Every structure is written in structure tokens, then in C-alpha cells.
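As recorded in TrEMBL:
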type	residues	note
ACT_SITE	GLU25	active site, proton donor
BINDING	LYS86, VAL106, SER140, ALA141, ASP142	substrate binding site
BINDING	ASP138	Mn(2+) binding site
ACT_SITE	LYS159	active site, nucleophile
Amino acid sequence: MNPAIHLTDEVREALRDHRPVVALESTIISHGMPYPQNVEMAREVEDIIRSHEVVPATIAVLDGMAHVGLTADQLELLASSGDVEKASVRDLAYVLARGVHGATTVAATMRLAHLAGIRVFATGGLGGVHRGAAGTFDISADLTELSRTPVAVVSAGVKSILDIALTMEQLETLSVPVIGYATDEFPAFYSRSSGHRVPMRADSPAQVARIMHTQWGLGITAGVNVANPIPVDDEVPADTIDAIIDQALSDMGAARVTGKDATPYLLARIVELTGGDSLRANIALVRSNAHLAAQIAAEYVEIEADVSTRDV
Ligand code: PSU
Ligand code: MN
């Protein structure tokens, strides 16, 4: 294992014994939600994964060391310190080499999870093609990473701060399977429907695991996106959220926020403008994604075990 990556004993032993592990990102903690809801969410999601007898591995860079699996104190630091940089794959070497703290995005978490040998990752929303990307070229490196790193990312679709149609097109170009979980529609994060169809559908964790195993068995190294709609009871009505997203986008333009600050700015502004309703929905969908990711990880391990017995 790379000397710049530290695994907790729990994660190392689970991977060694071919037991299921689910990776979790840290940008959502440091730059995606306010304190203290962020640390409560981080702890709760780990507990949900454990309730399926699966090992959670939250990933971040601390003092220039990449950590796969964190202690309660480390989660608290990521949630409360103002001194944590947002780290996508572009930034990883820079935060590691300078010995600072970095909260990993979906892209950077996928990369570190893959280096550690983890196949399944649960988050809230992916980055994607921003609205107006034809002019700004703002396309998240999450998509690039999905095109080249064999990890399954369970998310609730993308927020309409992004251009959903262009994000779907880009995922197609990058050869990333997008699997609607028990749905024919790509979910829009706060709402179950977006008006855009998903190209594939699965109705059980075992079906998802079979697609992952088949894809990687073919030597296709792209990741997989599992699009899991927010639970019905937690949806925010589309009209409400659309107006707020338009407001947040126009505020961002006025404040001249660009580049890696764009997504954190929009997320924080949406929480403010909804008086916290969007935060409750966000936490609910992360919980739901954690349940599903844990079940997929358990099924994936079963398939690998069956295959290796057959090979003997
Ligand atoms: N979308 C969300 N919540 C988030 C993010 C995106 O609804 O917390 C975070 C994730 O960590 C994602 C990152 O990987 O923002 C994307 O940032 P960028 O657009 O700068 O690539
Ligand atoms: Mn960007």
C-alpha cells in the first residue's frame, strides 16, 4: 500500500478478509453542510452502514496523510475546522505534499477508495456539467474520475444547479453506466423525478452488483453510477426548489464566485434560502444511499466469493 495512505485496522482487516466496506466522502462534511448537522450526518451514516454489518470508511486527507477510515475526533475536526481545503483529484498531491488537511470530493474519494481496494461508495450528489458550461467550461472532475476509476458511486442524481441533460450526455460519452435504482428516471437530488430517463435500471442490490462485476470483468475500468431517488416522504417540491436554485445561481453570478468555490457556495446558499429544509432533505437522501450502498457492497462480496470458489 502507498505510504501516503493510512487505513484503520478495521478497514484493513475487512478488506484482507474480503468483507464488505463502503467508502464515504468528506467534502460533503467540510464544504457541503453546516456544523453541527454535518458531523451528526457523518456519524449517522457510518452507523447505518454498520447496521448492515458492513464497514464504513470515511476518506479525507489529514496533516498530509490520506486516511481511509476516520476516528470520531477526526470527523469532528473535518466538520468544524475552517482549515480544511476542498480536494478533488487535481488537488490531492498538493494537499498531501504540503502536509495540510483536505476534504475529498467524489472524484478524490473514488481515487483513494480504489487505491485501498474498496468497490462501493455512498454520497449525496455528484458534481456534473454546470448550467452555462458552454461559456464557463465548468464540468466537475467527478465525471472524469467516473470514466476511469472502477468504483460504484451511489448518489441521488444531481441538483439542478447543474444541467442535468448535459450531465447525462457527458456520462454517456465517458462510458459511465448510470443505473436507476427502482426507477426509470434520473433523480434530481431533492426530487425523485427530473424528466430525464435513465439508460438502465436495477431493482435489487444483487442486480447492481452483477452489473459491476460483469463490467469490471470485461476490463472496462470506468466506474458505475447508481442513481437512487430520495425517499418519497423527504422530497422537496420541485417548484419550491427550482425558484431557490435560480436565486442561488444569480447570487453566485453577482458575487463572482467561480471554479472550485462554485459548488460549496451554491450548497450553502440553498440551505440559507430554504431555511434548512433543503438540509433535511439532503441528510435523508444520504441516509438512504448509505443503506443501499451497504447492501450492494454485501452482494458484491458474495459474487466475488462465488467466483473464486468456482475457479478453485
Ligand atoms: N453536490 C452536492 N453535494 C455536495 C457536492 C456536490 O449536492 O456535497 C460536493 C461533492 O463532494 C462533489 C463536489 O464531489 O461537491 C463537486 O465539486 P466540483 O463541482 O467543484 O467538482
Ligand atoms: Mn467546477
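Glycine is treated like the rest: Cβ placed from N, Cα and C.
TrEMBL entries are annotated by machine, without manual review.
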Item to complete: State the count of C-beta atoms found within 10 angstroms of the C-beta of VAL106 (substrate binding site), not counting that atom itself.
Response: 29
Response to the item:
Around the Cβ of LYS86 (substrate binding site), other Cβ atoms found within 10 Å total 20
Worksheet entry | Residues within 8 Å of the LYS86, VAL106, SER140, ALA141, ASP142 Cβ centre (excluding the substrate site residues themselves) | THR27, SER88, VAL89, THR105, ALA107, ALA108, LEU126, GLY127, GLU145, THR263
Discussion item. Neighbour count, 10 Å Cβ-Cβ cut-off, for ALA141 (substrate binding site): what number do you get?
Written reply: 17
Fill in: Residues among the recorded positions GLU25, LYS86, ASP138, ALA141, ASP142, LYS159 that border ligand 2 - Cβ under 6 angstroms, in sequence order
ASP138
Practice prompt. For ASP142 (substrate binding site), name the DSSP secondary structure in the helix/strand/coil scheme.
Written response: helix
Item to complete: Using all protein chains shown, find which of the recorded positions GLU25, SER140, LYS159 scores highest when you count other CB atoms within 10 A of its CB.
Response: GLU25
Worksheet item: How long is the line from the C-alpha of ALA141 (substrate binding site) to the C-alpha of GLU25 (active site, proton donor), rounded to the nearest angstrom?
Response: 15
Response to the item:
Neighbouring CB atoms within 10 angstroms of the CB of ASP138 (Mn(2+) binding site), all protein chains considered, total 18
Fill in: Pairwise Cα distance maximum in Å, substrate-binding residues per record: LYS86, VAL106, SER140, ALA141, ASP142
13
Worksheet entry | Collapsed DSSP category at VAL106 (substrate binding site) | helix
Item to complete: Please state whether DSSP places LYS86 (substrate binding site) in a helix, a strand or coil.
Response: strand
Fill in: Rounded to the nearest Å - Cα separation of LYS86 (substrate binding site) and the residue listed as 'active site, proton donor'
11
Worksheet entry | Distance, GLU25 (active site, proton donor) to the residue listed as 'Mn(2+) binding site' (CA atoms, angstrom) | 21
